[in-house]
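Taken straight from Swiss-Prot:
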ACT_SITE  Lys66  active site, charge relay system
ACT_SITE  Ser141  active site, charge relay system
ACT_SITE  Ser165  active site, acyl-ester intermediate
Amino acid sequence: MRIAEWKEKVESQGCYDAVSEMLERIEKSRLNAYITVCKDEALKMAEKYDRGELKGRLAGIPVAVKDNISTKGILTTCASKMLSNYRPVFDAHVVEKLKQEGAIIIGKANMDEFAMGTTTETSYFGVVRNPHDEARVAGGSSGGSGAVIAADEAVLSLGSDTGGSIRCPASFCGVYGLKPTYGLVSRYGLIPYANSLEQIGPMADSIEDLALLLEVIAGKDTRDSTNAGREFRFEPEDRKLRVGIIAEMGGNDDVMKRFNEAVEVIREKHEVGEVSMPSFKYALAAYYIIAMSEASSNLARYDGVRYGFALEKLDSWRRYFSKVRAEGFGDEVKRRIMLGSYALSAGYYGKYYLKAQKVRTLVIRDFKKAFEEYDVLISPTMPALPFKIGELADPLTMYKADVNTVPVNLAGLPALSVPVGMVKGLPVGLQVIGNYFSENTLLNFGKWVGERFGEGD
């Protein structure tokens with residue numbers, strides 16, 4: 001559902017009744033897209049809107065927030081047993097901005113535990129089902145954020161993207177999802193997985209709605225030292241672009257058939273060529289070494305003492321610390337902590353972590369060279385259609401599914417997933433990658449492409 005459609009509904013029946021209807025839909029849903037539904041708070045805000053007390057660009061609009069983004073007084077669990085009882089005492093920067101613009105936070109969206117996964121199957125609260133086929137996953141790690149848009153269980157949503165975690169569910173659910181340039185959106189209040197890679201971003205049913213949400217959440221925040229201090233304003237533009245197909249990024253036959261059809265549509269207006277990125281064959285391995293290394297450091301703070309999951313005290317601090325973490329973290333999180341600790345250990349730091357950072361430099365160099373020739377680069381967002389639940393039981397197979405998305409995070413570039421129709425009743429996404437702070441170009445190009453495929457409907 002788009003903002004324009006929601007406003008028509010509110011105008012005809014009032015915000016309270018419209019929100020009540022959405023809450024009823026969520027309650028009956030089998031998707032498991034929410035961890036926490038903010039029923040009472042949402043209805044109070046809807047009443048304020050009906051009384052004319054709610055103002056702003058998002059006034060009266062229901063927004064879902066991924067459950068690794070801090071919301072004051074509302075459970076923020078990271079889909080983990082470790083934080084299953086954690087209620088933050090502050091709002092994330094992006095949540096502050098939502099509230100300033102009158103948005104209604106309708107709930108906290110389900111996700112992979114600590115954002116570690118591609119299918120939302122690692123969530124302590126259970127898998128998110130795909131609205132197009134409930135036997136399949138909605139993608140990850142922001143699976144709930146994608147599913148709620150596709151199922152009309154929210155009008156807008158926020159996700160976070162460390163290696164494709166917005167773009168993957170956007171592709172699998174047939175909606176729009178943007179991973180902004182690193183630093184455009186403040187990460188203050190985002191519970192960290194891998195600080196140098198992740199970014200908060202918007203998901204929506206149309207480019208106009210996506211752009212509006214980005215306008216709201218982008219901008220200066222001194223509490224995030226990596227924040228670029230730049231605002232964003234969407235400005236329509238209509239120009240012929242130089243579009244590069246990345247040779248090293250592809251997919252299976254079903255995905256490539258639809259991708260090639262999209263390329264032919266793009267050729268009708270834009271100049272299309274092919275570009276090779278030699279470093280990409282090393283990008284996936286480098287990404288996981290860096291991400292897991294940062295995760296092992298970030299997650300060291302969960303000790304069962306100050307907040308979150310705790311146990312009865314034991315006679316030994318070391319035993320207590322180990323037992324809390326063994327019971328509080330799921331298998332995938334423990335696997336990544338272990339591998340990250342190994343990569344950072346004294347004997348292997350140079351062999352793994354430093355080498356991965358050198359690959360990262362090569363990836364950035366390849367992108368820089370490509371953007372000297374092309375305005376945007378394209379690929380399939382995901383190399384396959386949405387997986388069946390349980391299909392990716394092997395961790396390595398799950399990691400390989402991120403092959404098209406992780407280079408963007410290594411370079412800190414913006415990337416958009418655009419729905420380009422269905423194959424066998426399942427959505428396919430086109431990934432559009434831009435140069436630093438070229439979100440306006442991406443969104444305009446994405447709008448043009450999306451309109452030719454029915455805007456994802």
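Glycine residues also receive a Cβ, built from the backbone N, Cα and C atoms like all the rest.
Overlay of Swiss-Prot feature records on the structure.
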residue : record                               : CB count, 10 Å
Lys66   : active site, charge relay system     : 31
Ser141  : active site, charge relay system     : 34
Ser165  : active site, acyl-ester intermediate : 37
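According to DSSP, Lys66 (active site, charge relay system) sits within a strand segment. The CA atom of Lys66 (active site, charge relay system) is located 11 Å away from the CA atom of the residue listed as 'active site, acyl-ester intermediate'.
If you take the Cα of Ser141 (active site, charge relay system) and the Cα of the residue listed as 'active site, acyl-ester intermediate', they are about 5 angstrom apart, rounded to a whole number.
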